[in-house]
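According to TrEMBL, the protein has these features:
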type	residues	note
DOMAIN	25-142	domain 'CMP/dCMP-type deaminase'
BINDING	Cys78, Cys112, Cys115	Zn(2+) binding site
ACT_SITE	Glu80	active site, proton donor
Amino acid sequence: MAHLIKRFATPSKPELVVTYGSLDADVQELLLSAFTVRLRAYAPYSNFKVGATFRGKARGEIFSGCNVENSCFSPSSCAERTALTKAISEGEREFLAGAVVAYQPDVFTTPCGVCRQFIREFTSDNDMPIYVAQAREGRTAETPFANEDPVLCTSIFNLLPNSFHTYQI
Ligand code: THU
């Protein structure tokens, strides 16, 4: 029976909190873009701004998105889905990594359940790293992060274990 669970997604590494300054330049760039796109969030109802980015595999291009709310609530889009929808419509379907930036004082803001499944759709059998950082109060586009800021290094398979996925389509 073991073959029935063989393809279940297993995280490539456990979650870890590191400092922004210790991250590779390409990850810092992904987080900086997420900070910047967050400033464009359309969130008049929740006032909760989120920015997300994904780096495409083909050319290393960064696709970014913010949350876009609606007075009717349900048509709202989270930042992660905005970014991925932009990427898919531009022809990119494979991604090297993702980043999410929002601000809650005492907790990292990780993707919602719907976004986890949305990200899973565009992940192969290999895990995708996802970096989560805070947009701390008083930070601007000029100095979004300090070297000592904490960053959660997680991944889609950590965030959504044993996810639903169709392997033959
Ligand atoms: N939101 C995101 O954009 N991404 C997340 O990971 C969590 C929540 C948005 C949805 C809504 O516009 C606002 O944050 C409050 O829930």
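Note that Cβ sites are derived from N, Cα and C of the backbone, with glycine treated the same way.
A TrEMBL annotation is a machine prediction, not a hand-curated record.
Features per TrEMBL, on structure.
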residue	record	Cβ within 10 Å
Cys78	Zn(2+) binding site	21
Glu80	active site, proton donor	27
Cys112	Zn(2+) binding site	13
Cys115	Zn(2+) binding site	25
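Counting residue by residue with DSSP, the domain 'CMP/dCMP-type deaminase' (25-142) contains 34 helix, 28 strand, 56 coil. Each residue contributes its Cα atom, and for Glu80 (active site, proton donor) and Cys112 (Zn(2+) binding site) those atoms are 9 Å apart. Other than the site residues Cys78, Cys112, Cys115, same-chain residues with C-beta atoms no more than 8 angstroms from the centre of those residues' C-beta atoms, the Zn(2+) site, are Ala79, Glu80, Arg81, Pro111, Gly113, Val114, Arg116, Phe118. Mean model confidence for the domain 'CMP/dCMP-type deaminase' (25-142) is a pLDDT of 98.
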